[in-house]
């Protein structure tokens, strides 16, 4: 066989697999033979849940984020507290904030009836996040599958590694770097804030502190001043901590590129949204933001690539971990 042809074949093979920390590989259509209806079961139940409560789309996507940023994409975020182990659900960024666990429980129950001990909770989270985005008008991507579930959670890791809503740009960059994600991933994945809501407790600092990074110079026509007053009417200086506001006031239920238009105008809800522009000293991020704001397809394509990349953080494969019977507990 000609060397060039052999090289092309090798490149084609490598493009369809992704090497990871474990002894095996994540692949497309992992359950095609093992559990043919797995992805259909996941998608149907996500569709039903999101139809009943459109806000669940953002919640289910967020579950995947918060899982992957703590020890990797291993479903550790789904474990309940037991003697000797505090659940990640009780950590500061998650308590009274993460939701959608019942949707995962139902999907897992149905998959266990269809294919016992076959589909991992970690893979369910990855598929659910993809379907939730698509059902709100966002892109669809092929999810690499074959993850195993962790045997433990990390309460301390959840408090340490999940980005705070008032983080500086430097902190965000370092946080993503720790996960093997770069600045481009940080910017495009921040676009997930095109759907969902945040509690007053998360954005109060952004509207009452006078830091330049929270309310930068895009206020020639008092657009930010008006927006700030709206936020203040929702979230007073004290009290109403659990009052919600949409992350994207313009199209809160649609996954689109409006988020990037918002932050160009200084109308990101969270402080960590606005610092992408205000603390970008060399203009590199601003250029990326403008690109996504003006080209939704570019944003969708980039988002799908970064979601695949994030979904492969420190996954367990092969003999590592297990496939849980119940996503809330390690197998007895």
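Even glycines carry a Cβ here, placed using N, Cα and C.
The active site, proton acceptor annotation in TrEMBL covers 66. Per TrEMBL, the feature Ca(2+) 1 binding site maps to 67, 70, 72, 74, 76, 88. What TrEMBL records for 163 is substrate binding site. The disulfide bond annotation in TrEMBL covers 35-115, 68-73, 121-327, 200-235. Residues annotated as domain 'Plant heme peroxidase family profile' in TrEMBL: 25-331. According to TrEMBL, the site 'Transition state stabilizer' annotation covers 62.
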Pairwise CA distance, residue 74 (Ca(2+) 1 binding site) versus the residue listed as 'active site, proton acceptor', rounded so that it is a whole Å: 11
66, 68, 200, 235 screened against residue 88 (Ca(2+) 1 binding site), Cα within 10 Å - retained recorded positions: 66
The domain 'Plant heme peroxidase family profile' (25-331) [mean pLDDT, rounded to integer]: 93
All-chain count of other Cβ atoms within 10 Å of residue 67 (Ca(2+) 1 binding site): 28
Check: same-chain CB within 8 A of Ca(2+) 1 site center, minus 67, 70, 72, 74, 76, 88: 66, 68, 69, 71, 73, 75, 77, 150, 153, 154, 157, 158
Distance from residue 163 (substrate binding site) back to residue 121 (disulfide bond), taken between C-alpha atoms, in Å: 23
Neighbourhood of residue 200 (disulfide bond), C-beta criterion under 8 angstroms, separation at least six: 234, 235, 240, 241, 242, 243, 244, 245
Distant-in-sequence Cβ neighbours of residue 66 (active site, proton acceptor), under 8 Å, six or more positions away: 77, 88, 93, 94, 98, 158, 162
By Cα-Cα distance, the member of recorded positions 62, 76, 163 nearest residue 35 (disulfide bond): 76
